[in-house]
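Chemist: Feature table excerpt (Swiss-Prot):
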- 10-33: NAD(+) binding site (BINDING)
- S138: substrate binding site (BINDING)
- Y151: active site, proton acceptor (ACT_SITE)
Amino acid sequence: MVIANSNIIFVAGLGGIGLDTSREIVKSGPKNLVLLDRIDNPAAIAELSALNPKVTVTFYPYDVTVPLDETKKLLKTIFDKLKTVDLLINGAGILDDNQIERTIAVNFTGTVNTTTAIMDFWDKRKGGPGGVVANICSVTGFNSIYQVPVYSASKAAALSFTTSFRKLAGITGVTAYSINPGITKTVLVHKFNSWLGVEPRVAELLLEHPTQTTLQCGQNFVKAIEANQNGAIWKLDLGRLDAIEWTKHWDSGI
């Protein structure tokens, strides 16, 4: 996908990985970058606008846990303004296994609902033009961090949803791929709660291992966007971008 002159919606594009990815996207010159986030960050939005004045950067407050109909209303506002949207990035995520319901609501249900909502505007069965979805999942969808099983399971669920959804492209006209960062130096991983307190030092232990910066992750994210491979399972780890070959152990046969 060519980012230049495109219209992109980025859910949670003002966080750690999100903000550095937004910077890299803006450098590539989209026509519009629409940021949907729970918390406003005027300084970051001003920075992004100044980085490339030819890009229109817009912010709308959005919590991915709202009912599906509210998401549809917000997207209608955006589509009424832009007319077309080329790419939806679902990037909302929390890491706190003390908050079981919210972890599932943000990391999994929010991704499903935002994707479902945009189908009203993209699905070719409804006369839509199609589009592209990039879902930020996690390497924990491959192998869990067992001390945070709720987080790991929520990301595995988001990955499974994405791998199923991309197979529907022939029916819907909408393609999809997953972005799976490894341990990245963000606020998210500096301090978080393990499930039932099974490992109070889990954040500290993780950070003893090699990590990557949000800039490295953002740069590789843009490479994945440009590659635009339907069904790709991208691993963004240690400053590298690698396509994962999924091992098939079972097939529904339908």
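In case you wondered, yes, glycine gets a Cβ from its N, Cα and C as well.
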Chemist: For L19 (NAD(+) binding site), which residues of its chain lie six or more apart in sequence with Cβ-Cβ distance below 8 Å?
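Modeler: Looking at Cβ-Cβ distances below 8 Å from L19 (NAD(+) binding site), excluding near sequence neighbours, one finds G13, N41, A44, T214.
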Chemist: How many Å separate the Cα atoms of K31 (NAD(+) binding site) and the residue listed as 'substrate binding site'?
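Modeler: Answer for this pair: 29 Å between alpha carbons.
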Chemist: Measure from the Cα of Y151 (active site, proton acceptor) to the Cα of every one of the binding-site residues F10, S22, I25, S28, then give the nearest.
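Modeler: Comparing Cα positions, the candidate nearest Y151 (active site, proton acceptor) turns out to be F10.
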Chemist: What Cα-Cα separation, expressed in whole Å, is found between I25 (NAD(+) binding site) and the residue listed as 'substrate binding site'?
Modeler: 20
Chemist: Using a 10 Å cut-off, grab the number of neighbouring Cβ atoms around the Cβ of K31 (NAD(+) binding site), all chains included.
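Modeler: Within a 10 Å radius of the Cβ of K31 (NAD(+) binding site) lie 16 other Cβ atoms.
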Chemist: I want to verify one value. Collapsing DSSP to three states, which class is the residue listed as 'substrate binding site'?
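Modeler: Note: the residue listed as 'substrate binding site' is coil by DSSP, not helix or strand.
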Chemist: Tell me the coarse DSSP state (helix, strand, coil) of I25 (NAD(+) binding site).
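Modeler: In the DSSP reduction, I25 (NAD(+) binding site) maps to helix.
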Chemist: Which three-state DSSP class does F10 (NAD(+) binding site) fall into?
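Modeler: The residue in question, F10 (NAD(+) binding site), is strand (DSSP, three-state).
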Chemist: Please give me the CB contact count at 10 A for G13 (NAD(+) binding site), counting all chains in the structure.
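Modeler: Here the count is 29.
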Chemist: DSSP secondary structure for L19 (NAD(+) binding site), reduced to helix/strand/coil, please.
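Modeler: SS state of L19 (NAD(+) binding site) = helix.
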Chemist: Report the same-chain neighbours of S138 (substrate binding site): residues 6+ apart in sequence with Cβ closer than 8 Å to its Cβ, ordered by sequence.
Modeler: G93, Y151, S152, K155, L159, N180, P181
Chemist: Sorted by position, what residues of the same chain at least six away from S28 (NAD(+) binding site) have a C-beta under 8 A from it?
Modeler: I3, A4, V222, E226
Chemist: What residues, ordered by sequence, lie under 8 A Cβ-to-Cβ from F10 (NAD(+) binding site) and sit at least six positions away in the same chain?
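Modeler: G18, T21, S22, I25, L33, V34, L35, L36, I89, G91 - these are the non-local Cβ neighbours of F10 (NAD(+) binding site), listed in sequence order.
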